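Undergrad: Reproduced below are the annotations present in TrEMBL:
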DOMAIN    A:59-242  domain 'tRNA(Ile)-lysidine/2-thiocytidine synthase N-terminal'
BINDING   A:Gly62, A:Ala63, A:Ser64, A:Asp68, A:Val94, A:Gly172, A:Asp177  ATP binding site
DOMAIN    A:286-316  domain 'Cytoplasmic tRNA 2-thiolation protein 1 C-terminal'
Amino acid sequence: MEGKRSKVRMCCLCNQSRASLNRPKTLQQICRDCFYLSFENEIHQLIIDNHLFTPGDRVAIGASGGKDSTVLAYVLSKLNRVHNYGLNLFLLSVDEGITGYRDDSLETVHRNQVQFGLPLKVVSYKDLYGWTMDEIVKLIGLKNNCTFCGVFRRQALDRGAAFLKADKLVTGHNADDIAETVLLNILRGDIARLSRCSSIITGEDGPIPRCKPFKYTYEKEIVMYAYFKRLDYFSTECIYSPNAYRGFAREFIKDLERIRPRAILDIIKSGENFRISTNTKMPEQGTCERCGYISSQKWCKACVLLDGLNRGLPKLGIGRSRPGIGCKEENESRGVKSIESKQCGSLDF
Amino acid sequence: MQLTLEFGGGLELLCDSKKIHNVNVEQQNGEDKLTMKGLLSWVKTNLIKERPEMFMKGDTVRPGVLVLVNDCDWELSGQLSTLLEEKDVVVFISTLHGG
Amino acid sequence: MACNGAGGCQSGCYKDEEPTSDQPTASSETDSRSSSNLCIKCKLNDAISGYGGIDDGRFCADCFKSNLFGKFRFAVTSNAMISPTDKVLVAFSGGPSSRVALQFVHDMQERAHKNFEASRDRSLPVFGVGVVFIDETAVLPIPSHEMEEAVEVINLIVSSLSPPRKELHLVPIETVYSSDSTDGKERLIELMNAVSDPTGREDMLLCLRMLALQKVASEFGYNRIVLGSCISRIAAHVVSATVKGQGYSLPADIQYVDARWEIPVVLPLRDCFAQEINMFCWLDSLKTIKLSTGPSSSINSLVSSFVALLQEENPSRESTIVRTAGKLIPFHFNRIPEIVDGNVPLATRRRQKRYNLKSNESVSSESFCLLCNSPLDKSEIVDWSNHKNCKNSDTFYTSCCSSCQFQILPPDSTSMEKFYMHLPHSVVSRANQANNGNLKALREQIQDCLLSDGEEET
């Protein structure tokens with residue numbers, strides 16, 4: 001290539017503006033405005049086709065201040081206005097009580113509240129469980145802390161949503177997340193989760209149904225959208241998570257995306273098409289005796305963990321006392337790679 | 001060549017937590033053209049202070065890192081063979097963070 | 001009261017679960033001293049280790065070998081894979097898995113032969129065994145001297161596995177065209193060149209390989225094809241099929257038996273790890289061949305490396321993957337069809353009944369991709385009423401699964417026409433069968449409304 005840079009390409013949809021990006025989903029070279037439209041319309045269509053909402057619904061948007069939830073809040077509130085969904089939207093944030101990390105991301109959410117004009121509710125571990133993550137880590141160290149956080153967070157969102165009388169909870173889990181989860185469940189032998197994880201709505205029989213409007217949205221597009229629209233989001237690793245690892249599974253998905261971008265959607269399609277044998281024993285759903293949350297055991301996991309903390313027996317409910325199992329946590333605190341990208345369990349839906 | 005480089009999505013942590021860098025890139029090997037490939041190796045040597053594997057894999061960026069040259073996806077301009085010009089703005093965003 | 005975390009806890013326990021029940025637990029012996037472990041089976045000799053897999057360090061060499069053969073034999077008997085009247089064709093690539101499969105099939109046959117010789121009435125016949133090797137030099141960049149050497153080695157191996165004597169079939173991949181035309185090799189090359197996606201090319205080759213196997217088996221009177229696919233290979237297939245969007249058809253390819261073909265295909269090494277197989281070859285000095293087929297940039301090789309990496313980190317990974325996929329519903333053709341032949345010994349028929357194998361239901365309840373023969377999911381099944389006046393090649397295209405459409409078949413109608421012309425007749429004729437099947441099914445549905453000739457309307 002000599003002389004000037006290669007010719008400017010025009011958007012293949014409108015042919016009027018310069019193309020700004022290559023959509024991984026469709027391999028189209030499109031301009032920014034066409035991108036915004038396609039991006040937003042696909043999500044709108046998904047919401048309509050799957051009957052995610054009813055007019056009048058109170059919808060809590062799980063907001064962490066990160067890219068997915070920020071873009072979700074922005075797009076959802078825009079679609080709500082433009083297409084008259086008639087929804088009452090608000091932001092729901094969880095404060096785990098991690099100094100330096102959560103403070104900053106919560107600040108972002110507060111800014112979003114102002115920027116997008118959505119009310120915000122913050123639920124804290126302290127209020128719900130009587131412990132902050134800082135306090136827990138002080139007690140148990142850096143091993144197994146992610147276990148606590150993951151379990152507590154999941155319940156915190158549900159409890160926060162219930163407290164606010166929400167009808168639905170939406171989270172920003174994107175196509176890459178769901179593809180990773182499908183793979184992880186195969187790798188870990190979790191057939192129960194495998195059957196649920198590619199559904200766009202989960203927990204319909206539980207306290208609050210959860211939806212994932214970004215189910216088919218590529219992570220790359222979310223970042224592009226946020227970048228072009230100059231949306232404000234926060235992106236730092238949780239300070240308690242081991243340094244410098246990206247799960248094997250996520251790495252694999254990224255390598256895959258590079259060879260064949262549609263593979264991410266293909267994994268989700270496979271997940272949707274898996275038919276689980278009826279012979280397989282699936283756990284029964286009941287409620288926790290202590291707090292009433294859904295559980296397949298007598299006590300839900302959070303109650304078990306809390307009980308341990310409160311009694312000064314923080315190991316209670318962590319793994320099993322068999323050789324080899326502890327190794328996983330050892331590896332994590334030493335920064336050795338694990339198979340999943342988010343140790344905090346936020347991929348569990 | 002004067003360039004503005006931006007790091008986002010957590011990549012700034014690899015370069016002293018600084019998001020925007022105004023740099024002057026010296027051409028290597030006496031070549032008068034600077035490609036993205038050349039820029040990447042320059043960045044790796046001069047700006048990335050820790051964990052280079054989070055930024056690059058082989059001679060290209062790690063999968064999951066978006067690259068924009070003047071607000072345009074580098075996939076449209078030939079990725080590594082993209083030619084850079086004076087005063088160009090190159091943005092690197094990592095997509096690998098929770099949200 | 002602690003959540004045992006078997007993956008079902010709703011309260012969000014996410015831990016990296018390995019279901020406890022069927023996981024082999026480390027015995028107390030191996031916990032103590034890692035340097036000199038006694039074999040846990042015979043407790044006499046030192047255990048061998050270092051080859052990986054979940055049984056690493058538990059058995060001595062002899063017990064290890066008999067354990068491996070035991071897994072093979074169990075798979076064969078519990079799935080009624082081989083009966084005394086069968087004629088079995090072993091697909092031999094020269095690699096360790098098919099080498100071990102061949103060895104074990106031979107050992108079994110040899111034992112049966114000895115019993116036959118020793119028995120007075122000689123009532124129970126010995127099953128026959130043949131070996132087939134497919135020469136793919138027409139489509140893969142294998143150096144010719146390598147192939148020549150390989151053929152020599154294969155001949156030696158097969159002749160050494162005697163008695164009982166086994167016939168060796170060395171066939172070139174272009175044999176799939178041999179009954180259609182004389183320019184098979186050229187057509188094959190044209191066909192492969194029309195596929196641009198590297199993964200598509202590899203998968204296309206797999207389809208052709210199976211076609212060649214079916215052809216040889218059918219021509220020479222074999223009624224079973226044995227593949228050496230082991231857990232490691234199956235685990236990789238589970239992941240790569242998932243990645244290609246084949247979640248619906250995935251269970252069809254990973255069972256012990258695959259009877260959707262004219263000659264059923266069986267996988268007796270399905271419970272064995274690649275690491276164990278390699279160790280076995282090393283222990284018994286079994287010669288294997290590795291042909292240089294060039295570098296691969298396909299999804300299949302990315303997946304293989306990924307799974308191998310995971311297996312290194314966790315030796316039970318491959319078996320977990322296969323066990324998970326094993327919980328997906330298999331298809332009706334994933335079992336040996338019941339034998340109605342009166343010549344089959346009663347014992348065999350009783351064994352089939354005992355293991356609850358039902359008779360072969362009609363296959364028309366599933367539709368199959370015309371190219372790769374995978375069962376089609378709902379979204380891929382075509383409504384034939386709209387496709388009456390299309391070109392044959394277009395009809396063929398729409399009758400294939402979405403994976404083949406994406407990675408193998410050309411996207412536009414003109415190239416598709418050319419591609420269609422280069423397909424072997426055996427593939428093209430599937431289209432006609434499918435069409436006829438559909439017409440028949442359609443007619444059956446409207447049978448009641450049809451007036452027969454000569455009847456008058458009142």
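Using the three backbone atoms N, Cα and C, a Cβ is placed for every residue, glycine included.
Help me see these features in their spatial surroundings.
TA: Long-range Cβ proximity for A:Asp177 (ATP binding site), meaning a same-chain Cβ under 8 A and a gap of 6 or more residues, is found for A:Asp68, A:Glu219, A:Leu347.
Mean pLDDT across the domain 'Cytoplasmic tRNA 2-thiolation protein 1 C-terminal' (A:286-316) comes to 81 in this model.
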Undergrad: Please indicate, using numbers and ranges, the residues of the same chain that are 6 or more beyond the domain 'Cytoplasmic tRNA 2-thiolation protein 1 C-terminal' (A:286-316) and have a C-beta under 8 Å from a C-beta there.
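TA: Long-range Cβ neighbours of the domain 'Cytoplasmic tRNA 2-thiolation protein 1 C-terminal' (A:286-316): 129-131, 136, 139-140, 144, 147-148, 151-152, 155, 158, 206-207.
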Undergrad: Most Cβ neighbours within 10 Å: which of the binding-site residues A:Ala63, A:Val94 is it?
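TA: Per the Cβ count within 10 Å, the most buried is A:Ala63.
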Undergrad: Using Cβ atoms only, which of the binding-site residues A:Gly62, A:Ala63, A:Asp68, A:Val94, A:Gly172, A:Asp177 are under 8 Å from chain B?
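TA: Near chain B: A:Asp68, A:Gly172.
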Undergrad: Any idea what DSSP makes of A:Val94 (ATP binding site), helix, strand or coil?
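TA: For A:Val94 (ATP binding site) - judged by DSSP and reduced to three states - the answer is strand.
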Undergrad: Which of the three DSSP states, helix, strand or coil, fits A:Gly62 (ATP binding site)?
TA: strand
Undergrad: For the ATP site as recorded (A:Gly62, A:Ala63, A:Ser64, A:Asp68, A:Val94, A:Gly172, A:Asp177), determine the largest distance between any two Cα atoms, in Å, rounded to the nearest integer.
TA: 20
Undergrad: Tally every other Cβ atom lying within 10 Å of the Cβ atom of A:Ser64 (ATP binding site).
TA: 24
Undergrad: Tell me, how many other CB atoms lie within 10 A of the CB of A:Gly172 (ATP binding site), whichever protein chain they belong to?
TA: 26
Undergrad: Counting each residue once, how many in the domain 'Cytoplasmic tRNA 2-thiolation protein 1 C-terminal' (A:286-316) are helix, strand and coil under DSSP?
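TA: Across the domain 'Cytoplasmic tRNA 2-thiolation protein 1 C-terminal' (A:286-316), DSSP assigns the residues as follows: 10 helix, 4 strand, 17 coil.
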